[in-house]
Structures are given as C-alpha cells and as structure tokens.
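Before we start, here is the structure in question, set down as structure tokens.
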Amino acid sequence: MAAIHNNQTIPPTHFCFFSNYFQALAKTPQRLRRRVLATWTPDQELNQMRLRSGADMKRKLTWYDLIALGLGGMLGVGVFVTTGPVARDRSGPAVLVSYVIAGITALFSSLCYTEFSIQIPVAGGAFSYLRVTFGEFVGYIAGANILMEYVLSNAAVARSFTEYLCTAFGLEDPNAWRLEVDGLFKGYNMLDFPAVALIVLLTLCLCRSTKESSMLNIIMTIFHVVLFGFVIVSGICYGNTENLIQPDGLAPNGVKGVIDGAAIVYFSYIGYDSVSTMAEEIKNPSKSLPLGIVGSVLIVSLIYSLMALSLCMMIPYNKISHSASFSVAFQNIGWKWASNVVGAGASLGIVASLLVAMLGQARYLCVIGRARLVPSWFAKVHPKTGTPQNATIFLGFCQASIALFTELSIVIEIISIGTLLVFYLVANALIYHRYAINTNNPPIYTIVFLLILSSASIGFSISWNFTHLQKWGLPLFGACVIAATAIFQYLMPLGGGRDRPEHEWQVPFMPWPAAASIFLNVFLMATLKKLSYERFGVWTCLITLVYMLYGVHSTYQAEEILTEGDDNGGLRVHCPNSNGEQPKVDSQVP
C-alpha cells in the first residue's frame with residue numbers, strides 16, 4: 001500500500017452541507033470557538049487557497065498599469081462627487097485643507113497596505129491580511145464591509161455619471177435623463193437607467209480580460225488628467241482669490257467643519273486599495289506594488305487639492321451646486337462650452353473609476369469564496385479569460401439595482417465609515433504582524449499597546465466633539481497617543497522578520513506610520529453623523545447573522561470535518577489545528 005499526499009482540499013458537497021444543516025445549527029457555539037480565531041499562514045494563502053479557484057489569474061500587469069489603475073480608481077470619484085457638497089455645507093473654501101487631511105490619512109493607510117500586499121500578494125486585499133493576522137471572523141467583517149463599500153460607492157458614482165453626461169449635452173437639469181416615479185419614497189424615486197446601462201457594459205468588459213480592461217483604463221486616465229489640468233489652470237488663472245474669503249471667511253464652520261469635511265471626502269480615496277487586489281496578476285509584485293499604491297495616492301492627493309482650490313476660486317462656496325459642481329461653476333462664470341467639456345471629461349473619469357473599483361470588488365468576493373465564507377461558486381476563475389466571472393456578474397447586478405433607485409446623499413457617509421474601519425483594522429494588523437507574529441516578542445505586549453492606542457484615540461475624538469472637554473481632554477489623550485507609541489518603540493525589539501527576505505520593502509519608522517493611521521482613522525470616524533453609525537450597525541448585525549447561519553458552518557465543513565475512509569481504501573481528511581492549517585488528503589492505492 002502506498003500513500004500519495006497532496007495539498008488540495010476536498011471541497012464539501014452542497015448535498016452534504018445542506019442535509020446536515022439543522023444539526024450543524026445546534027453546534028454553532030462549538031464551531032464559533034474553533035473558527036472565529038482560525039488563521040491561515042501567508043504561504044497557505046499564496047498557494048493552497050488559490051487552488052480553490054481552479055484556473056490561476058494571468059500575470060500581465062506592470063508598475064505603470066498599477067499607477068494608472070490607482071489614478072483611474074480614485075480620480076473623478078472624489079472631485080466630481082464630494083467636493084461640491086462638502087465645500088458648500090461643511091468646509092467652505094477650506095475644503096482644500098479637508099483633502100490634505102484625508103490625503104495624509106490615506107497615505108499612512110496605503111503604507112500599511114503596501115507592506116501586506118508584498119508579503120501576501122493575493123487578490124484578497126484587506127480580507128486576506130486580516131484573516132492571517134486576527135483570524136477568520138475579523139477578516140470576514142472587513143471583507144463584507146469592503147464589498148458593501150464598493151457596491152454602494154459604485155452605485156453612487158454611476159448616478160453621478162448621468163448628471164455629468166447631462167451637462168456634457170448642454171442640459172441644465174441633472175435629472176433630465178432620470179425617470180421620476182411618484183409611488184416611491186423620496187430619495188429612491190428617480191430611476192437612473194443610464195447608470196444601469198454603464199454598469200452592465202463595464203461588467204461585460206471586465207468578464208473578458210483584465211489586461212484589456214487595464215489598457216482601456218490607461219487611455220481614459222490620460223484624457224482625464226489632461227482635463228484636470230485644464231480645470232486647475234482655468235480656475236486658478238481666471239478665478240478670483242476673494243472667493244476664498246468671501247462671504248464668510250476661509251472656514252465658515254471653523255476647524256470642526258474642516259475636519260468633518262475630511263471624513264466625508266475620504267470617500268474620494270476609495271480605489272487605491274483595489275490596486276492591492278490585483279497582486280495575483282502582477283509580474284513583479286515586490287517592486288510594482290509600492291510604486292503603484294503609494295505613488296497613486298501621492299499624485300491623487302496633489303490633484304484633489306488643486307481641483308478643490310480651483311473650484312472655490314471660480315465661485316463663492318455658498319453658490320456651489322450640489323450636483324455636477326464643476327460644470328455648473330463654469331456655467332456661472334460664462335464658460336458654457338467649458339461646462340460641456342468638463343461634463344464630458346467627468347463622465348469619462350467616472351467610467352475609469354468604476355472600471356477599477358469593479359475590478360477590485362470582484363477579486364475580494366472571489367477570495368472570500370475561496371475561504372468558503374460565501375458559496376464557492378463565487379471563487380471560480382474562468383480558465384480562458386483568467387477573470388472571476390461569477391463574482392463580477394453578481395456584484396454588477398447588485399450595484400446596478402442600487403444605482404437604479406438610490407440617491408448619492410443616502411450612501412456617502414455609510415461608505416466613509418466602512419472604509420475608515422477597514423483601514424483602521426489593517427493598521428492594527430500590521431503592528432501585530434510585525435511585533436508579535438514575525439518576531440519572538442510576547443503577543444500580549446502588542447495587544448496592550450493597540451488597546452491603549454485605540455482608547456486614547458477614542459478619548460481624543462470624544463474630547464474634540466464636546467467643547468467642555470477640549471481644554472484638558474485634547475492635550476491629555478494626545479500626549480497618551482504619543483507617549484504610548486514612543487514607549488512601545490523603545491521597549492519592543494523589531495528584527496527583520498521570520499521567513500522574510502531582507503530586500504523586501506517594509507514601512508519605515510515603525511510603529512509611527514501605522515499608529516498615525518490608527519489615530520487618524522478613529523478621529524475621522526468620530527466626526528460622522530449618528531445616522532451613519534445606525535446604518536453601519538444594522539449592516540454589521542446582518543453580516544454577523546449571515547456568518548453564524550452560513551459562514552462558520554461552511555468553513556468548518558471545508559476545513560475541519562473529519563471524513564474516515566473504509567478499510568479497503570478511500571479518502572481521509574485530517575482535521576487541522578485551530579490555526580486553520582491546511583488539511584492533507586491521503587489517497588490510498590493498491
């Protein structure tokens with residue numbers, strides 16, 4: 001008798017899973033104890049998990065593809081969707097400063113993403129990084145929030161496409177191409193069929209080829225950057241600096257208005273994280289990913305700030321339109337032709353943003369499917385195109401449905417809180433990975449530091465929102481953040497890391513960049529409205545219920561159920577440990 005070992009997992013059959021489902025529900029507490037903290041190693045994520053998709057994704061992307069994808073994913077969303085409402089209602093002309101603050105926060109977060117993406121170059125992005133660090137449940141919560149963020153933001157951006165397309169054709173009413181239905185609630189009663197058509201076309205394009213989609217994005221991004229240059233030069237050269245201080249000063253709602261605006265315009269930076277989800281399709285991940293992620297964030301931050309300055313110089317902040325802000329601004333200064341050009345260019349930029357975001361979201365769902373937290377059907381990669389077609393089509397349908405009904409203002413803030421939470425978790429994971437997993441330091445010290453850092457950040461944020469606490473709360477909790485980080489850096493040794501080549505890129509000056517990311521993400525989350533937390537709470541309860549009713553049982557079935565073979569041969573699946581070690585399959589042959 002000979003034993004043949006391989007590392008492939010026996011996939012659970014749907015018949016077996018559903019026939020024993022009600023018995024499994026009774027065992028939910030025991031399975032939660034085994035699976036909630038179950039982790040995989042980076043090597044298992046890179047190799048064994050990828051086998052569950054069948055075919056591999058094709059490695060065709062280079063560093064300049066990544067920068068273009070980062071630019072395409074971010075440019076257009078923030079400037080054309082959030083700048084006008086934030087400038088008018090919150091920050092005033094100081095929306096420029098709001099973008100700077102949000103850009104600094106995104107830069108620190110992007111550094112954390114970059115190190116993880118080099119070490120674990122898989123399509124799962126934050127889901128994979130958190131799953132190998134904090135376990136299955138935290139990774140699942142992050143992955144579900146990322147998918148919610150992508151679906152809602154893509155639906156919102158698709159509706160903005162319709163508004164700018166109207167201005168490109170010289171129509172003053174941004175709702176001209178929408179169909180109003182009297183029987184529906186306000187905010188859900190303007191049906192947007194052009195937005196749905198756009199999502200359907202992009203979904204078909206993405207199902208065909210990643211490289212062709214990337215080339216299309218490069219072409220659109222080049223035209224988009226040229227358009228941005230035109231808007232920036234026109235606004236600064238022909239605008240009026242008095243509009244920056246009239247009628248109510250640079251920051252009419254004070255510093256608080258600027259910070260509140262920063263939390264909302266952070267929506268503009270959704271997109272750079274999608275670059276990390278392309279890791280399985282990059283020719284040289286260790287060199288291309290730092291250039292693609294960090295480079296695109298720096299370039300976009302500069303462009304956003306200049307665009308915001310241009311808008312506020314063209315027109316007083318209290319006259320900025322909530323819809324199609326830049327096109328309306330050119331109309332107000334008498335440049336009707338420029339308004340049409342900006343409308344057309346903005347529409348093109350929004351298409352590029354949607355293209356990249358839809359690329360990233362499908363890969364997130366594909367990897368979550370590999371983990372069996374959603375049906376494995378979503379994990380399949382088409383053998384000819386090398387794309388996750390099932391995930392792409394399903395998510396395209398979801399966001400087309402939302403884009404058909406839902407107004408932009410309803411979804412913006414819930415998008416921001418989901419994004420900030422995931423970036424906060426990734427920064428925590430990087431510190432824990434560096435100081436507890438990759439070294440011989442006791443994990444408890446890192447956990448205590450992270451708890452102190454988060455608690456002090458929350459205390460600072462609460463003090464900021466209550467005037468009577470600011471006098472003593474801000475300096476006290478701010479000093480705690482700085483002191484805790486300095487003491488931790490002094491006391492905790494940081495080597496090169498186990499099983500990690502010395503030449504690989506790492507975040508410098510640790511733990512300061514990751515600690516700053518934690519602090520800033522907590523601070524920006526605290527500025528959002530109560531309604532954002534209520535909607536986020538409902539979503540979190542819903543996805544937790546799905547995990548308890550489906551996810552934990554599906555992953556338990558895939559990873560831990562022991563199937564005994566008979567005496568004459570067969571298959572034996574060995575139960576892995578609670579750390580999620582990949583089971584081996586023993587095939588006995590005569």
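Cβ from N, Cα, C; glycine included.
Just so you know, TrEMBL annotations are computer predictions that nobody has curated.
According to TrEMBL, the protein carries these features:
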type: TRANSMEM; residues: 61-82; note: transmembrane segment
type: TRANSMEM; residues: 94-116; note: transmembrane segment
type: TRANSMEM; residues: 128-148; note: transmembrane segment
type: TRANSMEM; residues: 187-206; note: transmembrane segment
type: TRANSMEM; residues: 218-241; note: transmembrane segment
type: TRANSMEM; residues: 293-317; note: transmembrane segment
type: TRANSMEM; residues: 337-360; note: transmembrane segment
type: TRANSMEM; residues: 410-432; note: transmembrane segment
type: TRANSMEM; residues: 444-466; note: transmembrane segment
type: TRANSMEM; residues: 473-492; note: transmembrane segment
type: DOMAIN; residues: 505-554; note: domain 'Cationic amino acid transporter C-terminal'
type: TRANSMEM; residues: 512-529; note: transmembrane segment
type: TRANSMEM; residues: 536-553; note: transmembrane segment
Apart from its near flanks, which chain residues at least 6 from the ends of the transmembrane segment (187-206) lie with a Cβ under 8 angstroms of it?
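Sequence-distant neighbours of the transmembrane segment (187-206): 154-155, 158-159, 161-162, 165, 175, 177-181, 212-213, 216, 351, 354-355, 358-359, 362, 387, 392-393, 396, 399-400, 403-407, 409-410.
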Among 61-82, 94-116, 218-241, 293-317, 536-553, point out the range having the most Cβ pairs under 8 angstroms from the transmembrane segment (128-148).
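Against the transmembrane segment (128-148), the leading stretch is 536-553.
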Sort out the residues at least 6 away from either end of the transmembrane segment (512-529), same chain, that have Cβ-Cβ distances under 8 Å to it, and list them.
101-102, 104-105, 108-109, 111-112, 259-260, 262-264, 266, 413, 416-417, 420-421, 423-424, 426-428, 430-431, 450, 453-454, 457-458, 460-462, 464-465, 481, 485, 489
Hey, does the transmembrane segment (94-116) touch the transmembrane segment (337-360), meaning at least 3 C-beta pairs closer than 8 angstroms, sequence gap 6 or more?
no
Look over the recorded stretches 61-82, 94-116, 218-241, 473-492, 536-553 and say which has the most C-beta pairs under 8 A to the transmembrane segment (293-317).
94-116
Report, as numbers and ranges, which residues of the same chain sit near the transmembrane segment (218-241): CB under 8 Å and 6 or more residues beyond its ends.
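64-65, 68, 71-72, 75-76, 79, 303, 306-307, 309-311, 313-314, 326, 329-330, 333, 335, 338, 341-342, 345-346, 348-349, 351-352, 355.
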Who are the chain neighbours of the transmembrane segment (61-82) in space, where the CB to CB distance is under 8 Å and they lie at least 6 residues beyond its ends?
99, 153, 156-157, 160, 164, 210-211, 214, 217-218, 220-221, 224-225, 228, 264-265, 267-272, 274-275, 278, 281-284, 287-289, 291-293, 295-297, 299-300, 303-304, 307-308, 324-326, 346, 349-350, 352-353, 355-357, 359-360, 408, 412
